[in-house]
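What TrEMBL records for 373-387 is compositional bias 'Basic and acidic residues'. Sequence annotations record features per position, and here TrEMBL assigns domain 'Major facilitator superfamily (MFS) profile' to 1-312. What TrEMBL lists as region 'Disordered' is 373-396. The transmembrane segment feature in TrEMBL is assigned to 32-51, 121-139, 154-176, 183-205, 225-245, 257-278, 290-308.
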Amino acid sequence: MWTAFGIALGFIVCVAFQNVTIIGGENSPWRWMMASTSVPPLVVMLQVYFCPESPRWYMERGRFDKAYRSVRRLRFSGVQATRDMYYAYKLLEIERGEREGRNLLKEFFTVRRNRRAAQSAWFCMFMQQFCGVNVIAYYSTSIFQNARYTLSEALLVSMGGGIINFLFAIPAIYTIDTFGRRNLLLVTFPLMAACLFFTAGTFQIDAGNADGENVSKARIGCITTGLYLFMAVYSPGLGPVPFTYSAEAFPLHVRDIGMASSTAITWGFNFIISLTWPPLSKKITDTGGFCWYGAWNVFGWIFCYFLLPETKNLTLEELDNVFNVTNREHAGYYTRKLPWYLKKYILRKDVPPFPPLYEFAGNDGYYPQEKPSVRHAERHTTGHSSEDDQVLTGRH
C-alpha cells in the first residue's frame, strides 16, 4: 500500500513541478522533479539514527543485553519484551539446528518443498512485472500523449492513475487474509487482461487531426477508462500478493535465499520491461504492446489456477506439506475440478462438495482445513516419530 502511495506522490510531484523554471529556464522542470526525490531519503536517513537495531541481529552475535534493550524500546512493558525475546531466541535456535551441516543453496533447488515454493513465489514476482503495471506507471504520460492529450493533461491524468492505485490498495489490508492470495489472483488476472485488451482496442479509434484539432473524445476517454480500471484491479491483487506470498512460502532455514531470489526476480524483470517498452511500442504500436501484456495475464491465470497453492492461514508445518504436492498432482486435481466449478457457479446446480486435495482437520474441531496425505510428506531430517508427520494446528 505504501509503495502505491509513493508512486502516487511521484505523480503529484511531477504535476507540481511541470512549470517550475526558477533555475535553468525551460529545461529546469525535470531537474526539479529529480531533485525532489532526494527529500524522502533524507527524512529516512535522519530517522534511522533513532531506530533500534534488530534484536535478532544482536542475538545472533551473543549480545543479549543489547537485544533486550532493543526489544524493550518496541514493547509497552518489560514482560512483553521478555516474552518476545524468548520466542525469537527459540526460533533462532530451531533455525540454527535446521541449517547445521546442510548445503542450503543445493537444498533450495533439490528438495521438492523448497523448489515448489520458489516456483510459486517467483511466478508471483514475475507476473507482478509482466502484468504490465509498470509500463503504465513509467510511461503513462507518453501513452496518454499518444492518445492525444497535451503534456499538461497527460501529467494530470497520470496523477489520477497513481491516486487510484493507492486508494484501491487499501481494501487489500482486509481481503488478502479473508479472500486469500490465490483467489485474489484468480479474480484479478482475467480482469486485468480484459482491461488491457479493451485499452489496446481503443487505440484503433480515429484520433482526429494530427495538428490536435478535432481530437476524438471517445478515444481519449476510453483509453483513460481502460487504464484506470486496470490500476483499480491490480492494486488489491498483484500489488500486495507477491511479497506477502514470497515471505511466507519458504521454510525458515532457506527463507533468506528465497526472499533474496524473489526480490531479484521482480526487480530484474522490472528493468527488462522498462527498457523494452519504447522499442516494443514503436515496433508493434501501443495496441500490440497492450495485447502482449494482456496475453501474459491470461497465462498468469492459467498458471495460477493449475499450479499455485493457497498459503492463507497455514502454519509452517502445513506449508511444508502443501508445497510437497507435485505439480502433476496439483494440476490434475484442479483439472478434475473444472466441471464441478462449471456446474456449481455457471449452471447454478446443487452439487455435492468436491473432495479436497488436502485433508486438514484442526484438533479443536472448529475449523475445516486441508492436510495432504502421508504420501506427500517429504521429510528433510531423520529420527522423527510418527507424530512429527502430523500437521500442527497453530496459526500465523
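Using the three backbone atoms N, Cα and C, a Cβ is placed for every residue, glycine included.
The transmembrane segment (183-205) makes no contact with the transmembrane segment (32-51), as judged by fewer than three Cβ pairs under 8 Å among residues 6 or more apart in sequence. In this model, the domain 'Major facilitator superfamily (MFS) profile' (1-312) carries an average pLDDT of 89. Segment contact is absent for the transmembrane segment (290-308) and the transmembrane segment (225-245), given fewer than three CB pairs below 8 angstroms at sequence separation of 6 or more. With a cut-off of 8 Å on Cβ pairs spaced 6 or more residues apart, the transmembrane segment (257-278) and the transmembrane segment (121-139) reach 3 or more such pairs and are scored as touching. Long-range contacts of the transmembrane segment (154-176) within the same chain: residues 1, 4-5, 7-12, 14-15, 18, 136-137, 140-142, 144-145, 184, 224, 227-228, 231-237, 239-241, 244, 312, each at least 6 residues beyond the stretch ends and with a Cβ under 8 Å from a Cβ of the stretch.
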